[in-house]
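Working notes for the structure below.
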Amino acid sequence: MSAPRIWLAQALLFFLTTESIGQLLEPCGYIYPEFPVVQRGSNFTAICVLKEACLQHYYVNASYIVWKTNHAAVPREQVTVINRTTSSVTFTDVVLPSVQLTCNILSFGQIEQNVYGVTMLSGFPPDKPTNLTCIVNEGKNMLCQWDPGRETYLETNYTLKSEWATEKFPDCQSKHGTSCMVSYMPTYYVNIEVWVEAENALGKVSSESINFDPVDKVKPTPPYNLSVTNSEELSSILKLSWVSSGLGGLLDLKSDIQYRTKDASTWIQVPLEDTMSPRTSFTVQDLKPFTEYVFRIRSIKDSGKGYWSDWSEEASGTTYEDRPSRPPSFWYKTNPSHGQEYRSVRLIWKALPLSEANGKILDYEVILTQSKSVSQTYTVTGTELTVNLTNDRYVASLAARNKVGKSAAAVLTIPSPHVTAAYSVVNLKAFPKDNLLWVEWTPPPKPVSKYILEWCVLSENAPCVEDWQQEDATVNRTHLRGRLLESKCYQITVTPVFATGPGGSESLKAYLKQAAPARGPTVRTKKVGKNEAVLAWDQIPVDDQNGFIRNYSISYRTSVGKEMVVHVDSSHTEYTLSSLSSDTLYMVRMAAYTDEGGKDGPEFTFTTPKFAQGEIEAIVVPVCLAFLLTTLLGVLFCFNKRDLIKKHIWPNVPDPSKSHIAQWSPHTPPRHNFNSKDQMYSDGNFTDVSVVEIEANNKKPCPDDLKSVDLFKKEKVSTEGHSSGIGGSSCMSSSRPSISSNEENESAQSTASTVQYSTVVHSGYRHQVPSVQVFSRSESTQPLLDSEERPEDLQLVDSVDGGDEILPRQPYFKQNCSQPEACPEISHFERSNQVLSGNEEDFVRLKQQQVSDHISQPYGSEQRRLFQEGSTADALGTGADGQMERFESVGMETTIDEEIPKSYLPQTVRQGGYMPQ
C-alpha cells in the first residue's frame, strides 16, 4: 500500500476516535506499534493503552477493550489484559498482506466506541540481488540489470551504485527493481565497480559488486546498408556487402552471417571462422541456382568480449540460372482404344520445382524409340503428350530445357500390351502421421528403377481424378505430397518400375483423418418369422462413411421392454434377430462406427406374426384330413347300412294316389272313368252297403282293454276283414263285427274274406247340419293328395228326403297310433267325444283310409286271427236290442242318441256273400 493511502486511512481513524464538542479532542488511547510491518509467517503483538481521562469519562477499564481486524472481532483467547489501562492482542503466522487493526471499548450500555486504529502490513525482507550485468550500448549510457529475487510484498527500494577507485558516481534509483541506466557516459579503458542495494521496512541488503572495463561491455550498433548481388559465371554464389561503425573505427569487429531461402523458416549459419577478421563484404557459396535467398548480419568485438549487436535489416538476392539438376518425373497411361493394331498412350510428367529446374523451363523434349533406327521427337511446352502407338515395345525419354541447357533424360519403357507384369511390392501399408498420409512397402526382389505412387478420392458422385508422384529406387517409405482432404477415402496404388517396364500394381484405401459417418445405415426386414427376423441393410455410400466402418450395432426393443444391442461385423449386410416374441411390435435402430465415432440411422419398426410360417398349415391340414377321413368313413358306413337307414328314415309307404277306395263310395262320384267291376273286382266282388243306427249309452264304463272308438264296433259281424290304420288311430281301428240286416251273410262269409273298406256316416247327414272337422296328427311323410291340398274341392251335399249325399274323398290319412296298445292313457269316452264331434266327412275319410291301408298292407294270419277273436267276443246278438246292448257295453250315454251318427257301411264281399242294401 502506498504512503498517501496509509496516511489517509490513519486520518480517518483519528476523526473517528476523538470526541467532538465543538472542537477536536485527543483520542482516548493509542496502539503500539503505530505503523506495524510484520514478516509473513511470524508472530505479532499489538498493545492498546487507554488514557486516564477516558477511563473516568466512560467508566471503563482495559477489560472493556474489544480488538477487531477488518471489522471482525478478535477471539478473546488472543487478547490479554495487562492492567486497568492496557490490553494486548497476539497474532500468529501472519499471512494477510494488509490488516486493519482497531481498538474499541464498550461503554454506556455495551455501545462500541472506537479508540484507535492502525494498518498492519506483512511481507518479506529483500533478497540479495544476483546476476548483475552491465551493457554499454554504442553511443548511449550504460544499462545494468539484475535479478531481485523473490517478491517482498512491501515497498522496496533498489539503488545502483558505481564508483571508480577514487571517485563515486551518482546513484541510480531503479523504477522497476530489475534494471537501471546510469546518467553518465562511461569512460572506456578504465575499470569501474558496480553493485546494487535493496531496502524495505524489514531490512536492507547489497549484491556482489562487479569490476569491468566499459569497453569490454560494448554492444555495437547493427550493420547497415546490406546488399546482395549474383554472378553470371557461377550460379551457386551471392556477394554481400555492408557498413559497420565500430565506435568510429576505435573497435575491430567481426561479423555473423545467416541466410535462408525465401520460403524457408530456418536460418542457415555461415561458419564463424570464415568471418573472424574485420570486414565489410563476404561471398556466400554452395547456393542453389536460380534460387532467392534472404540474408542478415550482426557484429561483435573481434576478441569476443562484449555483446553481439542486433541483427541488421534483411536483404535478398537470387542466384543465376543453371541447367536443370534432374529430369522430370515421367509416367504414362494407356487410354481405351477401339483398334486392335494401335493403342493410345498418354505420356505425363511433373513440372520440376524451382530448386531442381535451376531456371525457367522453356519446353520439354520427348523422344519415342521403337527400335534403334526408328525414333520420333516431340517438343512440348505442357506436361503431357498423347500419341498413337502400335502394339510394339517403345522406349520414351524426357528432358527439360531452360536457357542454360537441358536436364538429364528420364527414360521409360512402354512394353507391349501382351506382356504381363511379373513383380509388385508387398506389405503395402498406409497410415496418417503428423497431418500427413504416409505410405510404406517392401521392395520386390528384382532391382527397381523407381516407384510410381497414384491416388485419387473414391466417390460415387464424381469420377476418380488421379494424382501421382515418383520416388527413387532407394525409397520404401514416403508421404503423399498432394493436397489431401480429411474424411475422404483415398485409393493408393504403388507400382514398381523396372528397366524393362512397369511391374504389378498394389492398391489399398486410406484416410488422412477419419470422422464419424455422415449418416447411419437404413435397416429393413428381409424376412419376419414368429420368433426371429432377418434384417438387411445396404452399405453406406463411401461419400458418407468418413472413415473405415469397423462394425455395426443393432439396437432393438419392444414398446415396453428393455433395449437389446448386438454388434455385427462391417462385412455383413444381414443379421438374424432370434428369441423374439410373437405378435409383438419391435423398434430397430442401427448405427455404424468408424475409429472416430458412430452415427445412428433412422428407426424402423416391424411386427412379428402370431403364427410361424407353416404352423397354420400344420394345424389345418391334419384337421382337414381327419375331417375328410371321418366323412369317408361315415359315407362308407352309410353305404353299407343303407337298407337299415332307409328303413328308419324313408320307410316304404303305400302311395295313396294309387288307391281305388275312394271310387267305391256310393256318395262320391268316381274321379276316374273305369268300370269297377271289370277293373277292381274282376273276380265278382261287389260292394255291400249297410245302414246301421248306433245308440250311445254311457252308463257303463269302458273296459280298460277296449281302446277303439265305439262307432267302429258296428261293422258287420260277418266280415273278417280288418279296419285299416290309414286315416285313423290304432285305437279306432280295433276289429269289431258290423251289424247287418241280413244275418245270413254272417255264416256265409268265410274267414278268409276281408272288408275292403267301410264308411261311417254320421247321423248328421239326416239333419243336414255340418260339423267341425277333427283331424289327428299324421306320421306319414308322403305328400298330400289333391283333395287334401285343396279342401275347397270337398263338398257336403245333404238331401232332406234321403237323397244321395256326396262326401269328400280322403284316400289316405294316418294317425299316431298304429296298434290298440298305443293309446292307453286316453279314455275311451274322450276318444268317443272326439269322434262324435267330427263331421261326416271325417268318418268317411277315416274309413276310406283304413280300407286303403288294408288293401295296400294286408294283415298277417296272426293278426287276422286276433281280430276274429276280438270280433266274436264283442258280438252281443242282432236286432235293435242287441244294438242297444252293444253300445252300452262300451260305455256310451243313451241320452245322446240323436247325436250319434248313423253308419253307412259299404262292404265288399265276394260273389255269393253280403250284398249292399
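Yeah, the Cβs are placed from backbone N, Cα and C, and that goes for glycine too.
Checking Asn388, Asn816 against Swiss-Prot for the annotation N-linked glycosylation site singles out Asn388.
Among Asn157, Asn685, the residue that Swiss-Prot annotates as N-linked glycosylation site is Asn157. When the residues Asn43, Asn745 are compared with Swiss-Prot, the one annotated as N-linked glycosylation site is Asn43. When Ser174, Ser325, Ser337, Ser787 are compared with the annotations in Swiss-Prot, the one labelled phosphoserine turns out to be Ser787. A disulfide bond in Swiss-Prot ties Cys464 to one cysteine from Cys456, Cys489, and that cysteine is Cys456. When the ranges 298-317, 598-617, 838-857, 898-917 are checked against Swiss-Prot, the one recorded as region 'Disordered' is 898-917.
On a Cα basis, Cys134 (disulfide bond) lies 67 Å away from Cys464 (disulfide bond). Helix, strand and coil residue tallies for the domain 'Fibronectin type-III 1' (128-221), in that order: 4 helix, 45 strand, 45 coil [DSSP].
Per-site Cβ counts within 10 Å over the disulfide-bonded residues Cys28, Cys144 peak at Cys28. Looking only at Cα atoms, Cys172 (disulfide bond) sits nearest to Cys144 among the disulfide-bonded residues Cys54, Cys103, Cys144. A straight line from the CA of Cys456 (disulfide bond) to the CA of Cys28 (disulfide bond) spans 94 Å.
With every protein chain in view, the residue among the disulfide-bonded residues Cys134, Cys456 whose Cβ has the most Cβ partners within 10 Å turns out to be Cys134. DSSP classifies Cys28 (disulfide bond) as coil under the three-state reduction. In terms of Cα distance, the disulfide-bonded residues that sit within 10 Å of Cys180 (disulfide bond) are Cys144, chosen from Cys28, Cys103, Cys144.
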